[in-house]
Amino acid sequence: MVFVAGGMTVMMLEAGCVWMLPVFFFHVTTAQTIPGVRLQADGIPTNESVLTWVGLQVPDIPHFSFCAYLQFQRAMSIYDTLLSYAVPGSYNELYIGFDIQSVVVEVEKYSLTTGKGSYTLLRWWRFCYIHSFETKQHTLYWNDEVFSGTSEGPDMVRGGGLLVIGQDQDSMGGGYTFSQSLNAVVGDLRLYNRTLTNSEALDFVSCKETHLDPQPLVSFSDFKNNWKIEGSINIENLNLADICQKEPSFLIMFPEAWSFSQAVAMCNNVGGSLPVPISARENENILSFLNPYIPYCSDAHGYSIALGMLKEYETHSHHHYKTGENITYSNFLYRRDEDSNCVAIAVTEDDYGYWYYSKCDLELCTICNFTSVTHLKVRGLCDESLFDRTYLVLGQSGEKPVFRGFSNSQLQWTGTTWTLTYLPENNVKATMTTNFEDEYPVGLRQWTTEGDRCSLQQGSSQFLVISACQDGQYTCDDGTCISIDHRCDLLAHCPDLSDEINCNTVKLSETYIWELPPPLPDGSPTPVSVLVNITSVRDVSLIDLSISFDMILMFTWRDPRLTFQHLRDNMDQNPVREGVGVWHPEVFMEDGDGSSVDVQVRGRQTFVRRVGPPNPDIPTRLKEDQQFEGSKNDMVEIRPLTVQSICQFDLTMYPFDVQECRVLIRSTLSTSRLTLLNEGIHFLSGRRLLEYYVKESKTVEGEKGGKTHVTVIFTFSNLSTYYISGTLISMEQHTLEPELPLPPYPEPGVSSYEELSYDYPPPPSPYQEPSEEYSSPSSPNNHCRIISAYRGNVESVFGPHLFTKDKQKKEQVYWKCMNRDCSSRVCTINGNVIKGHNSPHNHPPVHGQTEVEVMLSAMKERAATTAEPISHIVNTFYAQDEVGWAHLVPTVDAVKRTLRRVRQ
């Protein structure tokens, strides 16, 4: 039987070999036993293992209750049939079975499936099902859960039929198939012709002793007289305490000599961990488990096994190697190798069970501790394969572990290699290509397959992956599990670096033709969005009637023929490598009159933008790589260009002219095959040019000559108005000489000052110390910044302080600090600082004063040179106002009045 008390090991014959079930550790509190059977005791799925009731004839049953204790050994591919009762003309008069997700009950072809009661293998399930045909109500007791419901059905279960356990009758007493059989341990089975009370059912699933009257119609109380036993079936006495015990831990031996790090890796790869005894009882359990394996391995000190704890050098305490939890229990006899921080347990006559320090690179035998049965998944098998996709780490064959298939397969060491066997047909098998004797079948391995249904030649090899990794994890080639987020992130996380191999973003099918645009299901043209980013306007030439500018075109489309892999939320991390033959939209460019333009392509990059979710994982693929459909995620191409185009300027109103220039981006394919869609324009350049100001930029869609296009439209206004108005305003105020025009300022929100003239550079850093402002007054790089002040005078910015004009004499100007109590003075010539008097200020700068004055000056400039609404100008600049400047900023109404006067 599976649960073993104390330190006993149960020998079991399965699939033609003797193997040992694992030792489960728990404390037995009672010796009460119950009758039970092990169906398909040899572990081979078959239609010949069956129990047939030969006791008293089953009468008509208007109500029934059915209870049993179950431990599933394997899961069948269709149903795990527990009870099948047939009468003439109705082979499913009463059926009770299971699939992996629910309990299935049928009465005379009426399905009463509960949809509840999912199970896992190799643990006990306590089960009662109570049904009343009068009230049409049923209740399922499943371990500690209770589910109730109503169902349609007949008035009773008719008597006089044939009842079997472990097979599904498709004819009276026959028609069995192993795919609907039961491989399980069944304990204390009972069928009543009445409904149990709630307390009676709860007592049964709680493992309490029950003496119910009247006695059940069908039970395991007398196997000899009431049951006919056929096939591989063992009659067993089960310990009731074992059935209600919480799932215990168990140990598995790996006899190969490994270092501490290698042992940790192996235990991790099979879903376990190195043992860490935290009590004398757990230490004894380890020793009991090790006794049968003493002949298989020993080290220089005799026979030792690594434990999962490490020593703290400073405190000489010990902690769990995985969780870091402090270990208070210890069993050191002496402390050999004090300089080492790994711990081993000795299994020798003199030091039996005591611990000692060992070097972490010392190679010892390994045991792994499991708190639950690990499910290993097999990847790479075809859909038609006969082999199981799930295997349980359970028991040993000789000194090696055994991996039991979920339904009908087994993986075990056969002396020279690992062999995967389909148990119903011994000629169906796969053997692993083994280079070293200590290799295990976890990770990526090569297998030679015989007799399977996959379309491979007999004796041909294929790669399979066997892994304990969970959802959201990726299996390295050596079997290590890492987060799927670490796959192809340009950082190696697998010990063998396999997570950074085969990282192509795009996966092409064999039928993909890159010259053809992506087809749509309804035959409509492929839509391609075009986003225009203007990065720089190089020149607007009236002499050549031309415009030159830099732009970045961003094309976006979807290609349902493609499959993407390893996509991240950040598009920049999803590049399409050069040389990958995927379709790209091709365009050509014309000016507004249809003439070609000069285009210089400065590069091309293609990315994938993740929009849709990944596809469901498919176990036929070798790895857990996330894949995405091309129809639900975007291809994005970024194409930087330099364009020079002819513009037919209208100079009738020059120098008070407004010009418009058009450049068309046209598709090379007809409208029946491709449609260009306008995604908009981003103007990222400075708008002020030498003679013109970029008043507006926009894009519009269109069609011409059977081909779609996106037109880029620039509107320029001549800056002569700005220069003239600036001069007139200054002359009116008698504060600014013609030799000192207002300097140009950058567009709000644009930090670049590259286009400012040399004579009027940007202000010094506001973090410059006052004592350093004029340290080199003769330096040609020491400039001032002149602004037209809001209040009508002319001001200049020196470092963090604001100065106002004191007096002027031709090109030489004297400035005084705006603070009346400050004696600082500065002399400039043509914007260059010549001399500073009493340069150290006797006061700190007013926080925000210079910034506010510059902001107000820029607002005046905007009002004078553009037709932008005054309210929009004010709102744009006031959005830049920072906390703490409010007392320095004039009211909105006052600013608007001033801007209106400037514009007039």
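Glycine is no exception: its Cβ is also placed from the backbone N, Cα and C atoms.
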(message) Among Cys476, Cys481, which cysteine does TrEMBL link to Cys469 through a disulfide?
(response) Cys481
(request) Among Cys476, Cys488, find the residue that TrEMBL gives as the disulfide bond partner of Cys503. (result) Cys488
(message) From the disulfide entries in TrEMBL, identify which of Cys454, Cys494 pairs with Cys476.
(response) Cys494
(request) Identify the region 'Disordered' range according to TrEMBL, selecting from 725-752, 753-780. (result) 753-780
(message) Same chain only, sequence gap of 6 or more: which residues have a CB within under 8 Å of the CB of Cys488 (disulfide bond)?
(response) Asp499, Glu500, Cys503, Gln565, His566
(message) Highest Cβ count within 10 Å among the disulfide-bonded residues Cys469, Cys476, Cys481, Cys494, Cys503: which residue is it?
(response) Cys476
(message) For the C-alpha pair, I'd like the distance in angstrom between Cys469 (disulfide bond) and Cys476 (disulfide bond), rounded off.
(response) 10
(request) Find the average pLDDT over the domain 'Pentraxin (PTX)' (40-241) in the predicted model and report it. (result) 88
(message) Using the alpha carbons only, what distance in Å do you get between Cys494 (disulfide bond) and Cys481 (disulfide bond) once rounded?
(response) 8
(message) When DSSP is mapped onto helix/strand/coil, what comes out for Cys476 (disulfide bond)?
(response) coil
(request) Using DSSP reduced to three states, classify Cys503 (disulfide bond) as helix, strand or coil. (result) coil
